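What Swiss-Prot lists as disulfide bond is 2-16, 9-22, 15-40, 24-38, 48-55, and the listing cites a curator's inference.
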């Protein structure tokens with residue numbers, strides 16, 4: 001199962017669709033591991049290719 005937009009996430013690969021990224025506006029620690037304030041959000045079409053490559057194993 002994947003996460004819809006607005007749901008809390010830890011990694012881009014958890015979010016549904018290739019134009020959905022795990023965005024952390026309040027993550028001052030520079031990684032996706034911080035659980036506070038990270039949620040699936042709309043990404044651009046360039047991100048789509050990056051995510052397909054990164055999340056192939058999923």
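Every residue, even glycine, has its Cβ placed from backbone N, Cα and C.
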Largest tally of Cβ atoms lying within 10 Å of a Cβ, found at which of the disulfide-bonded residues 15, 16, 22: 15
Separation of alpha carbons, residue 22 (disulfide bond) and residue 16 (disulfide bond) (Å): 10
Those disulfide-bonded residues of 9, 24, 48 having Cα within 10 angstroms of residue 15 (disulfide bond): 9
Candidate disulfide-bonded residues 2, 24, 38, pick with smallest Cα gap to residue 55 (disulfide bond): 2
Collapsed DSSP category at residue 55 (disulfide bond): coil
Spatial separation of residue 24 (disulfide bond) from residue 40 (disulfide bond) - C-alpha basis, Å: 9
